[in-house]
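Report on the following structure.
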Amino acid sequence: MKKITIAIDGFSSCGKSTMAKDLAKEIGYIYIDSGAMYRAVTLYSIENGIFHGDTIDTDELKRRIGDIHISFRIDPETGRPNTYLNGVNVENKIRTMEVSSKVSPISALGFVREAMVAQQQEMGKAKGIVMDGRDIGTTVFPDAELKIFVTASAEIRAQRRYDELKAKGQETGFEEILENVKQRDHIDQTREVSPLKKADDALLLDNSHLTIAEQKEWLMAEYQKAIKA
């Protein structure tokens with residue numbers, strides 16, 4: 001059976017990562033979480049004094065970007081990949097509200113995207129991968145055989161994020177999360193480098209009112225079509 005590249009793009013908190021992880025596990029592909037890579041760069045910047053309040057010392061980050069190496073390793077207990085920053089597991093650290101509130105401006109920096117895209121393209125050379133993010137189908141893998149663009153209303157996405165953080169014991173107000181979601185949408189869609197947009201040949205999936213099972217059924221059907229094409 002031929003192996004393909006699957007690119008899943010879309011807005012923040014649409015459940016892209018869960019969807020991509022589950023699909024990769026189901027079909028035996030490698031999953032690459034591009035959003036986690038930008039979160040890891042953000043965490044590195046926070047921990048290394050590159051942020052001064054909300055201001056990024058771009059010159060310092062540019063000097064250090066070559067020292068930031070991100071990889072994914074499967075957790076033997078969960079069967080899911082964890083994100084490693086320079087050899088250290090940072091999967092939980094990169095999911096905090098502090099990182100969420102700072103990741104969009106980091107992602108908007110051209111030299112950061114250039115470095116991450118190079119790492120992603122290296123990971124994806126052998127095909128048989130599922131990658132999710134903002135510009136996978138448009139910039140990272142424009143020749144991907146299956147491209148999906150995921151959307152849902154801002155309110156539904158904020159509620160999902162609220163529930164996710166609450167389950168982890170991180171208490172944050174719904175309004176703050178909704179504002180963060182809307183702010184990230186604006187930054188992601190208007191940035192100069194690789195703005196968030198649907199590739200012309202991507203399939204649109206609005207999962208506002210879909211169950212996980214319905215979404216999975218749709219994805220598997222599209223995957224089957226793509227490998228037979």
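Using N, Cα and C of the backbone, Cβ positions are placed for all residues, glycine too.
Now, the feature entries from Swiss-Prot:
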- Gly10, Phe11, Ser12, Ser13, Cys14, Gly15, Lys16, Ser17, Thr18: ATP binding site (BINDING)
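For the binding-site residues given as Ser12, Thr18, the lowest number of other CB atoms within 10 Å of the residue's CB is seen at Thr18.
Shown are the binding-site residues Cys14, Lys16; the one with the most C-beta atoms within 10 angstroms of its own C-beta is Lys16. In the three-state DSSP reading, Thr18 (ATP binding site) counts as helix. Long-range Cβ proximity for Gly10 (ATP binding site), meaning a same-chain Cβ under 8 A and a gap of 6 or more residues, is found for Lys16, Asp132, Arg134, Ile148, Phe149, Val150, Thr151, Leu196, Leu205.
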